[in-house]
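Residues annotated as active site in TrEMBL: GLU155. The Zn(2+) binding site annotation in TrEMBL covers HIS154, HIS158, HIS164. Summarising the annotation, TrEMBL assigns domain 'Peptidase M12A' to 56-255. Under the heading signal peptide, TrEMBL lists 1-22.
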Amino acid sequence: MAAIKCILGLLVLFAVSAWTEAMVSLTAEVFTQVFMCLYQNGFQIQGDIAVPINRNADPCVQTGCKWPKSCDGKVYIPYVIANSYTSQQLSVIATAINSFSASTCIRFIPRTTQTDYVNIQSLDGCYSYVGRQGNAQTVSLNSEGCIYFGTVQHELIHVLGFNHEQCRSDRDQHIRILLQNVIPGEEYNFNKINTLNLGTPYDYNSVMHYGRSLDSSSVWYFLPTMVAIPDSNAVFGTATQMSQNDIDRINLLYC
């Protein structure tokens, strides 16, 4: 698989007090700062999802898109991690990787000779493919902006075949999209798709839900691009780890 070299336009303008908090815990506002759209080597980044130019970021519904279950009932996913991370960053990544084994049948294991595996690298931004791609598939966790527990979980859930919560086909019952506040050209990030909901309810607390200012055209991200309905004050996109619904979906699909 060709390496994806991405150049992300990144503008991070926080007040000092808010900056400290943002660097301590994952919020979807951090995602908003880091994820941009670009074209390179025949791929595009849709939000934080890497997809070929000639297809959409469709849900992982094909058998080949899922990772295979072993005879012991576990799903083993080999991975390698680039040597460009500090020991502290490696600890965060490892903790997030191992968190799946505590509540699901997913087991991320160090690669030996397996053909299909996840290749974790510090490239430009945070992004992943949706589902199993075959051979080495890149998960980018930039060492300067993506090493948060929830960020790692988020990208690995993409690896398992899941898309973003706000893209659900039933999302219009739960959030309202304000396209007038979206950066021109980024509207596709708000397209609805037939996601793998597996009978679970819409979840404001999902680690796969972006924040209210995703792709905001406002320099300071003050203009919301999504608001909750019917309660416009409902909070969403602030998860720091998988919700119970995230866990349930993984178990329903794989376990």
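Glycine is treated like the rest: Cβ placed from N, Cα and C.
Computed from a predicted structure; not experimentally measured.
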HIS164 (Zn(2+) binding site) and GLU155 (active site), Cα-Cα, nearest whole angstrom: 10
Sparsest-packed among the binding-site residues, when each Cβ's other Cβ atoms within 10 Å are tallied, from HIS154, HIS158, HIS164: HIS158
Local confidence of the prediction over the domain 'Peptidase M12A' (56-255), expressed as mean pLDDT: 92
Cβ atoms near the residue listed as 'active site' (within 10 Å, other residues, all chains): 22
